[in-house]
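Everything on this sheet refers to the single structure shown next.
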Amino acid sequence: MVNKKAPTKITVDGVLMTILWSLTRLSMLWIWLNRTRFVEADVHYYFNQTAEAISTNTPGLVEYPPPIAWLMRLIYALSGGDFTAFETIFVFFILLLDVTVTVVLWRKDSWQSAIYWTLFVFLLGPIVWFRIDMLPAAAVVFALVLFKSQSRLGQFGSGLAIAIGAATKLWPALLLSGLLGKSKNAVQRLKGFLVVGLGLGLSSLLIAGWSGSTSALTWQSDRGLQIESIAATPAMADRAFGNADKYQVNISIYNAWEISWRNDSIPLLFSSLALAAAVCFAIYATVQLIHTDRSLEGTALHTKTVILTFLALILAVIITNKTLSPQYIVWLGGPLAMLTRLPKGKGGSKALFHIGIMGFFVAAGTQLVYPITYAQLLITPPDKIATLILVFRNALLVLMTVVAVYLASKRLNSLKKEANTVATNYL
């Protein structure tokens, strides 16, 4: 009797999940067609840059790692050089990633995480279809799901997924710190990262040369403060409620709206120091995880620690960056979704629930900032409501980061205490 009913329940749940996903994506399609068609601008940029690179025999898209340029060339070839076909293939590819992440979370994690991901992407809006950031976001999800599998092949795949993510946007390489350790599984994860990472790195050197392979690193160095960034938030608030004439907002050669003023070197320095602090946290997490006892590998405590470490690191990368584009927020979707599945623990469940709710507000606030009220941020003086939405979104991001770093640090310390207990019992 039980066995006969179980498939029916799973089928009904699956149908309901499919309906939810379809309705949210159709709503996103309506928003794009009727309100925010201009968010496709980046796909125009990818198309034009790729066409120019092919005609001039140059790497193209120097702000991205070479594998992204290769992917754009593949889509360009499939499109036959037609923009409409190029855009259709690009969006279909992103939607395929979105569907795959949803299915993987549903089947390998939980229905709660699949629903969270579905709603989180919906709140971010159609911009996710027209940017490449779904790629590293999906890589993070696959890495965490494979990490939870505890099979040797899964552990290798976890490291592989992080390497692929790093090949698309560089920053996922920082997440390797959350996968390290001294167990056999940790060694497999490192092998997966190194095999794929070295393979892609050598391929980049052979195809794009040294300058082409490192251009994504040097591209960011001379950029100013993007108006949505955390470091620019006080200036944006002062521009709306104080002295607007003190600031200049212009589109830069990096295709981003940046804010500048006479003493803007101070927040730029702050951004650099904050990024250094994020790297220090990654080093701290690495040291703690390497010293974790092998017997704790795969436990609920270890799993929660790794996911929280991922979330804390991604948040740190976002808030310390002098550029904060709206599509970056999709990187948070996977870790936030998977935290909803974790069992309740002392002092952690309420905080994790609150982080999840804040994640929804951040996603919705991001869509309100861009594209809905973005034009009102660019005028002089800027609209006060639009500025308040930006300030609120950024304040939530900072709060989420503080909470995530605190919880991750707490879990890392708990792992250390558990390891000491295991060692004491052994002796």
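For all residues, glycine too, the Cβ spot is worked out from N, Cα and C.
Features as listed in TrEMBL:
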- 12-33: transmembrane segment (TRANSMEM)
- 89-107: transmembrane segment (TRANSMEM)
- 114-147: transmembrane segment (TRANSMEM)
- 159-180: transmembrane segment (TRANSMEM)
- 192-211: transmembrane segment (TRANSMEM)
- 266-287: transmembrane segment (TRANSMEM)
- 299-319: transmembrane segment (TRANSMEM)
- 325-342: transmembrane segment (TRANSMEM)
- 351-373: transmembrane segment (TRANSMEM)
- 385-408: transmembrane segment (TRANSMEM)
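Ranked by number of Cβ pairs under 8 Å to the transmembrane segment (12-33), the listed stretches 89-107, 266-287, 299-319, 385-408 are led by 89-107.
When Cβ-Cβ distances under 8 Å to the transmembrane segment (325-342) are tallied for each of 114-147, 299-319, 351-373, 385-408, the top count falls to 114-147. Between the transmembrane segment (159-180) and the transmembrane segment (266-287) there are at least 3 Cβ pairs closer than 8 Å, counting only pairs 6 or more residues apart in sequence, which means the two stretches are in contact. Across the candidate stretches 192-211, 299-319, 351-373, the maximum count of CB pairs under 8 A to the transmembrane segment (114-147) is reached by 351-373. In this chain, the transmembrane segment (192-211) lies out of contact with the transmembrane segment (351-373); the count of Cβ pairs under 8 Å, excluding pairs fewer than 6 apart in sequence, is fewer than 3. Sequence-distant contacts of the transmembrane segment (192-211) (same chain, six or more residues past either end, CB-CB distance under 8 Å): 59, 65-67, 69-70, 155-164, 166-167, 173, 176, 179.
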